[in-house]
Amino acid sequence: KLNVKIAVTSEQESAEGGRVIVEVDDKVATVRNIKADSRLDGTWDSREKTVAFSFDYCYWSVDPEDPKYASQEMVFQDLGTSVLSGAFRGYNICLFAYGQTGSGKTYTMMGTPVSYTICFTLRGLFSRKDDYSDQTASCRVKVSFLEIYNERVRDLLKQSDHKKPYTLRVREHPETGPYVQGLSQHLVTDYKQVVELLEEGIAKRITAATHIHNASSRSHAIFTIHYTQAILENNLPSEIASKINLVDLAGSERADPSYCKDRITEGANINKSLVTLGIVISTLAQNSQMFSSCQSINTLTSEGESSHVDSPSTGSVSGTRRPAYIPYRDSILTWLLKDSLGGNSKTIMIATISPASSSYNETMSTLRYASNAKNIINKPRVNEDANVRLIRELREEIDRLKTMLISFELRNSSPSWSDDRDGNLTELVLQNEMKVCMIYMLL
């Protein structure tokens, strides 16, 4: 899902006299390009160019008095419920905010103690946990919180060495994907514990004043919720595990010559990781579009063959095109978000923009990235116990074969042929039942 949230203008933008150039109409965000001419009366040029972008949701969060104003609660009702429903079913979920500095990313994701998007999500998880009153099901919640600063990873929930605070390394498991080696996970049993850990991590994040925002996040932060449900399926104990990544990205910005060396280095690393993210999103979108095009070509080719139409050129085109390389490892951020971008995850992106005319270029860049991301095709799957899944599939196959046996017995049109076919089906049923019994014995 792709969503756009328009935030209130910053103090610097208001001081510069920036005009509002963004309008929202249902699910469409329209941006006007207004250019001032050099006339003495200081009026604005009447020539305007408008560009419209459509998304799943558009939120106007500029003026609380405006009838269109969207609160944090409204955003959560639209997006957070999708996160919760996916987690309950065992899918990995990623919710991340992308946009320029000062556009409201951190507020949208972490806000204030009563309006954390993260806390809204956890409140829903714990309310579900309280519903497990019977003994056949239970759940466990663990959380972790990391910061990516200057392309290095730090644990925000663990006391680190002040001399070497960034010592964690990113590894990649062949089945579960990228992970941070040594990152602490904290078992939480209630909502209050989560808020305490979240505030502890937020307090450790690195912020600094920039020309756009007085307390700009100088790092990317990923708050991960590991939600595990223990259930009884087919008389076997089983687990369904989901991972929820809630990501607050540092904002993109132009370098300012007045910055000190640390700010310039931070900005360069932030922009590097965000550029890599943009490249990954664009490449994934191109590959997804190419995949869709190849499917369309194959469909047309098969239809043409059935109609006796010879079309050799289309087959050669689809055969020579290969997916482009995805540079996930060019940055720590994209490496850790590999599953969330085109992998085993349901992903929701919130693009935050400023409505001020002074932020026109940054706004257009953010909306173009978001528009590209709409074309990415993820491959989410339920994270369940492999043995339980195999038993379920075998039992479904047994039921299907038994249905076929009954069907053949009812027909009984050719006794000799029917007996042979019945014998083969009966043998398949017995083989599958033996496989189920062997799995039970191994467990």
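Here the Cβ of each residue, glycine as well, is placed from N, Cα and C on the backbone.
The domain 'Kinesin motor' annotation in TrEMBL covers 17-376. Feature annotation from TrEMBL assigns ATP binding site to G99, Q100, T101, G102, S103, G104, K105, T106.
Compared over the binding-site residues G102, K105, the count of CB atoms lying within 10 A of a residue's CB peaks at G102. The sparsest Cβ neighbourhood within 10 Å, among the listed binding-site residues (S103, T106), is found at T106. Considering only the binding-site residues G99, G104, the Cβ with the fewest other Cβ atoms within 10 Å is that of G104.
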